[in-house]
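**Student:** Straight out of TrEMBL:
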- 30-55: region 'Disordered' (REGION)
- 100-257: domain 'Histidine kinase/HSP90-like ATPase' (DOMAIN)
- E107, N111, D155, M160, N168, 174-176, 195-200, T247, R456: ATP binding site (BINDING)
- 293-324: compositional bias 'Acidic residues' (COMPBIAS)
- 293-329: region 'Disordered' (REGION)
- 484-507: region 'Disordered' (REGION)
- 494-507: compositional bias 'Basic and acidic residues' (COMPBIAS)
- 774-823: region 'Disordered' (REGION)
- 778-791: compositional bias 'Acidic residues' (COMPBIAS)
Amino acid sequence: MRKWTIPSVVLLLCLLFLLPDQGRKLQATADESSDELVDPPKVEDKLGAVPHGLSTDSDVAKREAESISRKNLRSNAEKFEFQAEVSRLMDILINSLYSNKDIFLRELISNASDALDKIRFLSLTDKEVLGEGESAKLDIQIKLDKDKKILSIRDKGIGMTKEDLIKNLGTIAKSGTSAFVEKVKTGGDLNLIGQFGVGFYSVYLVADYVEVISKHNDDKQYVWESKADGAFAVSEDTWNEPLGRGTEIRLHLRDEAGEYLEESKLKELVKKYSEFINFPIYIWASKEVETEVPVDEDESSDDATDKEESEDEDAEKDEDAEAEEKEKTKKVKETVYEWELLNDVKAIWLRSPKEVTEEEYTKFYHTLAKDFGEDKPLAWSHFSAEGDVEFKALLFVPPKAPHDLYESYYNSNKSNLKLFVRRVFISDEFDELLPKYLSFLKGLVDSDTLPLNVSREMLQQHSSLKTIKKKLIRKALDMIRKIAEEDPDESNDKDEKEVEKSDDDNEKKGKYTKFWNEFGKSIKLGIIEDATNRNRLAKLLRFETSKSDGKLTSLDQYISRMKSGQKDIFYITGTSKEQLEKSPFLERLTKKNYEVIFFTDPVDEYLMQYLMDYEDKKFQNVSKEGLKLGKDSKDKELKESFKDLTKWWKGALAKENVDDVKISNRLADSPCVVVTSKYGWSSNMERIMQSQTLSDANKQAYMRGKRVLEINPRHPIIKELRERVVTDPEDEGVKQTAYLIYQTALMESGFMLSDPKDFASRIYSSVKTSLNISPDATVEEEDEVEEVEADTDAKTSTDSPNYEAESTQDDEDTEPSSVKDEL
């Protein structure tokens, strides 16, 4: 028994090795149900003389029609079965990888570009690989046949051998569907696009039958074909036009993919995704031209009659003129076809910044941003990054902000930064490349290390994007800072030499002011959102101050002008500069020559909640508690002297949510002012929140700061009020006066009165007193006689026989206005 065991095992192993090979190659055995193709026509001897592969020769067109007359795999072809299940494969393509069908053209052009790159690389050491004539021209050609619903993409690249066709066009099948799905789920390296494989299979989103005709220098011309039905076939190509070298892909489009048979659609896709491919991309496009053709005989005879009449009138015409008149022609419109170049814009970001001129940058900006104005970008930054992630980038600061830049700031995902991978456009919807506050920048990023993946969603999660984002932010902020440094108006007085040098450059003068007026709010939003770069962004802040004379000032310039001993940066918020300049909060500060920053933008209130300090200097809102302007030697005496008044006044305002009444150190001319607690809302913030459409009054009560009434002990009104309180604290007139003073201070401090009617009544009472009118004086009652007469007239008109008609007429006349009033 043992004698037969070993031979049996050997025989079994041999069978196992032979079976896969037998299964892999199914030689030409046509199914009985399939239609057999006629023997393919022989290649003519003169076919090689055709100038280019996509000839419109009638014989070639006939042979192509015969080869694609039936969308069945050729019976004489060598057939193979996909290892992957087609249903699983299509599910991955449609549901897991591709967001839209348009990218199939991007993938095919990317594959063509790679093939051209390879042959160009080989030509560096062996020039003969390129061949001569048309074959030596490295380009990509797109052609469509509307009648047969065929879209063709051809390149003159390296081409593929028979083995390459089997291997490269089965990338997914070779690696196994299950393994590929696992990579999709785990976020593994899916760097398959740019090779024939995943990218190539995107064609089945728009086509139900695909032919790949390829010719490599080291092999014959072969055809790969498949209907994605579980098998593909490879056969030697003896019926199509010889390519010379390269690959042509023919897509037999589905009925629902008819839009891709339109020239305009293909041009749009190439412009969007492949505009900056290194090699020229042509499309066989139609256009109408006017040509001169001879007129018909009938028309000629009519013209001849006219000639005779004219000759009778003018017998002095020479023979040459008569001969020209006899040869009559007319202009007609004719449709012609020619190769149209689609990507004439060069990828200038691949060149060194020293080699690119200012005019080239400006032209490229207008093309990239679709900005057809004449204004130059305010600045640009062209740089390369090396290291773990390599990429090139070109950023522009537009001359103007879009009208809707901040209208949908937090709801819009659109970015003006385009992501390219090896010059192939991927997407402009990446939130991970630049933060929202820099979304006004326009430009692009091109990386050779990122995977050229068909899935934008997967690429967004790539770890390299964080590194790219970090470098882009730093370069963007440096670019904006450079605008300020080169602007003569931004220079300090100390830099007089630099100012003299730059005075001649009028283009840079006032540039940062222009930038700030357009995009200043973005810098403020950046301070709120980006804690990492908060200090860098703070250097870019600009504002007006009490000493800037209408010009913009930076924090560095403010600090350089601070008084000795000043520890805080003083600021105030409000609706306008004019209003703030008259604010009672600035009286003492102005007298003591302190500089105060004016913040008049609503976003400034939010900004100052995040910008707590700068260069070891704290920010102090002069309308809040905690203002320190040095010690007054009489502080203790004043507090003691006005102790009775402050205590009494606090009690009188108990119902008004006044936390305290204190002696003020910020007033000079006003009798009193209302300040808020240090960490509560300012009066300006309260006004902003109350104007919000969806604001909640109950929740706002928690954020309102406690109010403190600060009084000016040197003001005559306050002094007199103190004397009155000391004399008779229960005097109602004094209480009314004190309450009126508080309401007036509340308004002057920027707060909104909770009861304007009460305030108005107190004012009128005060006016009565000043005019010596008795407080008990009342308003005279209106005489009602006229009203009674009017009622009588109304009754009389009602009794009139024409009342109904008149009334109806009046109703008709007044109905539109009454409806309008209701609406």
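Please read every residue number as a count from 1 along the shown chain.
Placement of Cβ uses the backbone N, Cα and C atoms for every residue, glycine included.
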**Student:** Which one, from the binding-site residues N168, T247, has the smallest tally of other C-beta atoms lying within 10 Å of its C-beta?
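**Tutor:** Fewest other Cβ atoms within 10 Å, among the binding-site residues N168, T247, is found for N168.
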**Student:** When you tally the Cβ atoms that lie within 10 Å of each candidate's Cβ, which of the binding-site residues (E107, D155) has the highest tally?
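**Tutor:** Highest number of other Cβ atoms within 10 Å: D155.
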**Student:** I'd like the number of other C-beta atoms within 10 A of the C-beta of G199 (ATP binding site), please.
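**Tutor:** Its Cβ shell of radius 10 Å holds 26 other Cβ atoms.
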**Student:** So what's the mean pLDDT when you look at the domain 'Histidine kinase/HSP90-like ATPase' (100-257)?
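**Tutor:** The average pLDDT of the model in the domain 'Histidine kinase/HSP90-like ATPase' (100-257) works out to 78.
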